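A.B. asks: Supplied in C-alpha cells, the structure appears directly below.
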Amino acid sequence: MSARNALDGLRSTAAVPGQKLSSWWGGAPVYQRYAVYVLLFVGALLLPYSGLAPIMSPHAKWSSILFFPIGIYVLLAIGLNVVVGYAGMLDLGYVAFWAIGAYSMADLSVRYHWTFWEILPVGILMAAISGIILGAPTLRLRGDYLAIVTLGFGEIIRKVAENAEYLGETRGINNVPHPPDITGVNIGGVDIFDYGIRDARPYYYLLVVVITLVIIMVKRMEHSRIGRSWAAIREDEDAAELMGVPTFKFKLLSFAIGAAVGGAAGVVWAAKVSFVAPAAFPFILSATILAAVVLGGSGNLPGVVLGAFMVAWLPERFRGAQEYRELIFGAVLVAMMIWRPEGLIPSRQRKAELAEGGGGSGHLGAEVAEVSK
Amino acid sequence: MFDDFTSSFWANTIDGMTVGSIYALVALGYTMVYGVLRLINFAHSEIFMIGTFGALATMQITGINGPFTGFALVAVLLLCLAGSMLASGGAAVALERIAYRPLRKRGASRLAALISAIGASLFLQELFATVIIPKWFAHGRGRDTLGLAQAGGEPRRLMDKEVLFSIGSGDVRNDKVLIIVAALAMMIILQLFVTRSKLGRGIRATAQDPETAVLLGVNIDRIVVVTFLIGGLMAGAAAFFFLLFYEVTSYFIGFILGIKAFTAAVLGGIGNLKGALVGGFTLGLVENYGASIFGSEWKDVIAFTILVIVLMFRPTGILGESLQRARA
C-alpha cells in the first residue's frame, strides 16, 4: 500500500512541469505556437549535426541511424497512431503496409523504370487500397478479432513475398534505384538533393519533409469532424453509431490513412536501402511500432513521436543490450499497461478515458471482483 | 494440381487430423480464456512453447532414451506428458498472476489487456531465446531450431514410428493414432469437467454473467486461475504431442501455431468447447488439402485466408459462441 502511495506522489510531482507547459500551450497565441512549430522543424533538420554523433550514437553512423530506424519508426508510429490512437482499433499487421510501399518502389522502379517521384503517390495509393480491401470485410468485426485478422494479414503479405517468384522470393529485389539527383544545391556543406550511397543526410531531410507533411495532415484531421468521429468511435462505438456517426466509414478512413502513411514510409525506405526482402518485415516490427505508440501515449502526436524515437534510438545507443531488446520491450509493455496505460505523454482526453476503464474495445469480462467492492 | 489432391487425399486426411487435434487442444486455451475474460490471451502460444521445453527438460533430466515399447513406452510418454503439462500449466497461472490480474482488478480496457498480452508474449519468447535455451538446452545458440535428437547433446528417441495399416494412399502410423486418440480423450474429460463439476459450473456462470456469479458466491479469482490452468494444461499436452510428431522445437515455435489455433477457435466458434474440436479438425484438414493443391509453402497463407473468410461470413464460427450458454 505504501509503495502505491509513494508511486502516486512521484507521479503528481512529475506531472507539475508538464501541466504548466500544457496550460501555457493551451493559452499561447497563434504566432507563438507557429514559432514553436518552426523551431521544432529546424531542430529536426539540424539533428544530423556531427557534434551530436559521439553522444547520440557512438557505435554506428549517426546520420544513417537518424534515417533508419529513427525517422522511419517515427513516420510509421504516426501512421499507426491514426488507427490505434485516434480510432481505437488494434492493428497488429501494420508492417504489411510498409512492405507494400517498399515492394511498390522496388518492383515499379526495377521492372518498369519509374522514378521515385512517380512511384511515391502510386505506392501510397497501393497501400491505402490494400488497407481498404482488408478493412472493408473486417472492420465490422469486434476489436479483438480485428487484431488477429490484421496479424494474419501481416503474415500473409510476408509469406506471399517469400513465395512469389515475381517478387524475388526470399532473395527479394536488388538494386532499387535512389531518387533522381539534383546536384549543385549545397546548403551548409550538404548536397541536399544528391541521393548517393555514402551520405544519409539527403534522405533524412526528405524523410523530415514527409513526416512534417503527414503531421500537418493528421493534426488537421484530429481537430476536424473526422477526428471527433474517431474519438466518438474509440470511446463508445454503439453510442457513436446511435448519434449518427457513420462508424464504418470513418473506421475505414482511419485504416486507409494509416495504411497510406505506412506505404509512404515504405517507398522512402526502399529508395534509400536499395534492397527489399521479406525478412525486413517480421511481426516483431509491427509489435515494436505498436509499442512505440503505446509507450509514448497513443492518441497524442508529441508522445507518439517521442515513443518512436526512444524505441528506435535506445537499442542503437546501447548496442550491448541489443540481444535483450525485445525482452526488455515485452517487460516494459506489461509494466506500462499495469502502471501507466496512458503512456509517457498522454493526451488529456485519452488519459481520462483510460482512467474510466473504457479507452478502446470495452471492458474485460469477469472484472467485477474488485470494482463491486 | 487436382491429381495431387486425389492421389494424396488419405495421407492428407490422416495428417490433417493429427495436426488438427493439436490445434484443437491449443484452441481450448484461447476459447476458455476468451469465454470467461473476453480476452485474447495472446501469450497462450508461448505457454505452448514452454510446454515443448518442459517435455525436453523431462527427457534431459531423467536421461531417458529409447526407443521404448509396451508398458515402458506408456510410462515414458506419460512422464513426458506430465512434464510438459506441468510446465505449461505453471506458466499459464504465473502469466495470469503477473500480466492480467492487476489489469483485471483495475477494470482496465480490453485494449490495455491485449497489449499487456503481447508484451508478455514477447517477453517469454525472448526469455527463452536469450536466457533459458542457451543455458540449458542448446549451449549458446538460443535462436536455432532444436531437434529432439540433438537436445542436450545426445540423440534421443522415444518410440519407433511404425505404420499400423494403410487406407488408400494414407499410412496410419502409431504416433498419429496415439495423438488423435489422446487428444480426443482429453477433450472429453474437459467437457465432462466443465459441464458436470462444481468448478466447471463456476466457469460457465462467470462466462455468462460475472456480476450475478459473484452475488451467488462464485470466487471469480479462483475461477479465472482455474481457467488459465486448464488452458495451460491442454496447451502442454498439445506441446508434447507436437514434439512427438515433428520432433523439433524453438523459441519461436508457438507463434504460427498460436495464430492457427486461434483461427481454429474462431472457426469453431470462440468460447465454445466443442467448437475448438470442430475448428481444429476443419483447419487441419483444409490446410493439408489446400497444401496438396497449391503447394505446401502456401499452407500458412491458406490458414490465414480461411480465418479472414470465416470472419467475413460467419463471425460467430461454425457452432457459434457459447461457453456462456452451454448448460449441463
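Positions of Cβ are set from backbone N, Cα and C atoms, glycine also.
Taken from TrEMBL, the feature transmembrane segment covers B:20-40, B:47-65, B:71-99, B:111-133, B:177-194, B:223-245, B:251-270, B:277-295, B:301-320.
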A.B. asks: Return yes if the transmembrane segment (B:71-99) and the transmembrane segment (B:301-320) have at least 3 CB pairs under 8 Å (sequence gap of 6 or more), otherwise no.
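C.D. replies: Judged by the Cβ rule, the two regions do not touch, with the required three close pairs absent.
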A.B. asks: State the residues, same chain only, that lie 6 or more residues beyond the ends of the transmembrane segment (B:277-295) and have a CB under 8 A from a CB inside it; answer 'none' if no residue qualifies.
C.D. replies: 1-2, 4-5, 8-9, 12-13, 15-25, 27, 184, 187, 260-261, 263-269, 302-303, 306, 317-319
A.B. asks: Counting Cβ pairs under 8 Å to the transmembrane segment (B:223-245), which of B:47-65, B:111-133, B:177-194, B:251-270, B:301-320 comes out on top?
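C.D. replies: Top-ranked stretch among B:47-65, B:111-133, B:177-194, B:251-270, B:301-320: B:47-65.
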A.B. asks: Report the listed stretch (B:20-40, B:47-65, B:177-194, B:301-320) having the maximum count of Cβ pairs within less than 8 Å of the transmembrane segment (B:251-270).
C.D. replies: B:20-40
A.B. asks: Near the transmembrane segment (B:47-65), which same-chain residues lie under 8 Å Cβ to Cβ, leaving out any that are not at least 6 residues past its ends?
C.D. replies: 26, 29, 76, 79-88, 91-92, 95, 124-125, 128, 132-133, 136-137, 146, 148, 151-152, 154-158, 231-232, 235-240, 242-243, 249, 251-254, 257-258, 261
A.B. asks: Please work out which recorded stretch in B:20-40, B:177-194, B:301-320 has the most C-beta pairs separated by under 8 angstroms from the transmembrane segment (B:111-133)?
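C.D. replies: Ranked by Cβ pairs under 8 Å, first place goes to B:20-40.
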A.B. asks: Excluding the flanking five residues on each side, which residues at least 6 beyond the ends of the transmembrane segment (B:301-320) place their CB within less than 8 Å of a CB in that stretch?
C.D. replies: 259-260, 263, 265-270, 272, 274-275, 278-279, 282-283, 286-287, 290-291, 294
A.B. asks: Six or more residues beyond either end and a Cβ under 8 Å away: which residues meet both conditions relative to the transmembrane segment (B:177-194)?
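C.D. replies: Here the qualifying positions are 17-18, 21-22, 24-25, 28, 77, 164, 200, 203-204, 230, 234, 237-238, 241, 244-245, 273-274, 276-277, 326.
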